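Student: I'd like to ask you about the structure that follows.
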């Protein structure tokens, strides 16, 4: 039986090849990896129990005998509950914690906002750690299981802070007027240390949930099914719908509990929801499909960089050149990953797979890497610009979550006899997201399909672009309305009374910016999550999803840094000049900040368009390579 291994290109045909030159079709074909395995090799691999490619396994790492009894939408819905509870806690803390620090811990609004921004940032940036552990060692299931327990412990700690008097400053003789003057007894340093500790434990707990839940849910669908693309598209829409439902509950039910029963019950409800969702998640364990962790992705990236550097002076035209290295067979050398075809991007990294005569039969991965390993690094590099361009959207969302609370305090939140709590105003972006997702397949997809010809209405990058464009409209409206609100306050004598609502100015004008940012978020984030999952390498799906969370976390940090710069540059306490972000919003200039965000968003959108126009989807590259091979 014939066994074909890696073919070495003919030396005389390779002499004309250079990394900087243009290859004709014959030269390209000679550089491709031509590997197949015999039936004897396949049987030997299977008998060893090795599961290659993206074959799903059970929780013990063994191949699943009957896939029909596992995975699918049933398993996905068990996973939705965990994400819903995590988002409920995340948004519940992001809005209520600012008010809690101000009213209960007696911290200024500005420092409270920055503290919450840092919490939001850490909880998302640390997702890279969760994604690394999932892809390298633990797998997505065990990473979620461990970190969701940490998340629950953090929420319990926050509940104790709101419940036990010893963990709070004295609340006697501290009324609204005293809060405005800053004369209430401030929290002791150790009390704030405790609050920050449990808050960051909660944020750390989110690190293992956020990058893994969406990927683990998508793992439940069969890649070989003809409806796989459709299922995946609908999954990410439903996934973000569960995120939205969690946010709506946080902005309504949790706020209502806080108003009627107090802070302890409000934070306790978040802990209870997380505890229940954990039980539901573990209950679905028997029917989950799992992917084998492929080993440390950071190690593989480092190996490619080191190997490429060590062979940086080697030439493809050298007489010692054998070919681009790849292991024989259908399976890659990376557990849990299929092979990835060679591409012409980042050609300098191809040096890591450059096989020379001096390389041994069993080469060190720090000197010679497989094509698949090199292509993993290329993919990770190519993905970076897209989530990076969503950082600006996260900045806008973060500013809305914190600064809009101060705006709403100065306005009338009544709808006839109904009074909506200030901290419930961010529910409207969630409601707009819920509405858009509900109508997405019945309205948007058919209409946009006629324009774009795309079966899903718009490609993933087109959806991200639509979201970024709508976010510009949202923040521009925010600037226009804030200027009107401030002028109204000054005209009617409210300039120095910044926490007393103006009865004739409705807070529901803010709904325009809220609803626009909701539309922006649903298009941008759903498209981004699906894009990262499909484009990321098989053994790095969690790392790919962590890119989105990392962008969100960096947005929170950028918002904090931007606020600090604005306050230091625009304010002068010695001359009595308030900054744009003065605690007295009526003497500050929030509208200027919003215009600055508008300008930055426009620049960011232009940069995104440049990257999106040049990006090639992996599926398109495979089809193009297949067609090219068939022609030659």
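Using N, Cα and C of the backbone, Cβ positions are placed for all residues, glycine too.
According to TrEMBL:
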- 88-109: transmembrane segment (TRANSMEM)
- 115-134: transmembrane segment (TRANSMEM)
- 141-160: transmembrane segment (TRANSMEM)
- 193-213: transmembrane segment (TRANSMEM)
- 234-257: transmembrane segment (TRANSMEM)
- 263-283: transmembrane segment (TRANSMEM)
- 383-403: transmembrane segment (TRANSMEM)
- 423-443: transmembrane segment (TRANSMEM)
- 464-481: transmembrane segment (TRANSMEM)
- 508-533: transmembrane segment (TRANSMEM)
- 545-566: transmembrane segment (TRANSMEM)
- 592-615: transmembrane segment (TRANSMEM)
Student: In the same chain, which residue numbers or ranges, 6 or more beyond the ends of the transmembrane segment (263-283), come under 8 angstroms Cβ to Cβ?
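Tutor: Distant Cβ neighbours of the transmembrane segment (263-283) are 78-79, 81-82, 84-86, 88-89, 92-93, 96, 100, 104, 144-145, 148-149, 151-152, 155-156, 158-159, 161-163, 249-250, 253-255, 257.
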Student: Answer yes if the transmembrane segment (508-533) and the transmembrane segment (193-213) have at least three CB pairs under 8 Å among residue pairs 6 or more apart in sequence, and no otherwise.
Tutor: no
Student: Hey, does the transmembrane segment (141-160) touch the transmembrane segment (423-443), meaning at least 3 C-beta pairs closer than 8 angstroms, sequence gap 6 or more?
Tutor: no
Student: Taking pairs 6 or more apart in sequence, does the count of Cβ pairs under 8 Å between the transmembrane segment (234-257) and the transmembrane segment (88-109) hit 3 or more?
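Tutor: Counting Cβ pairs under 8 Å (6 or more apart in sequence), the transmembrane segment (234-257) reaches the transmembrane segment (88-109), since there are 3 or more.
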Student: I'd like to know if the transmembrane segment (592-615) touches the transmembrane segment (115-134) in this structure, counting it as a touch only when three or more C-beta pairs sit under 8 Å and are separated by 6 or more positions.
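Tutor: Checked: the transmembrane segment (115-134) vs the transmembrane segment (592-615), no contact.
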Student: So which residues does the transmembrane segment (464-481) touch in its own chain, when a touch means Cβ under 8 Å and the partner is 6 or more beyond its ends?
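Tutor: Distal contacts: 386, 389-390, 392-393, 396, 400, 458, 509-510, 512-513, 516-517, 519-525, 527-528, 531, 591-592, 594-595, 597-598, 601-602, 604-605, 608-609, 612.
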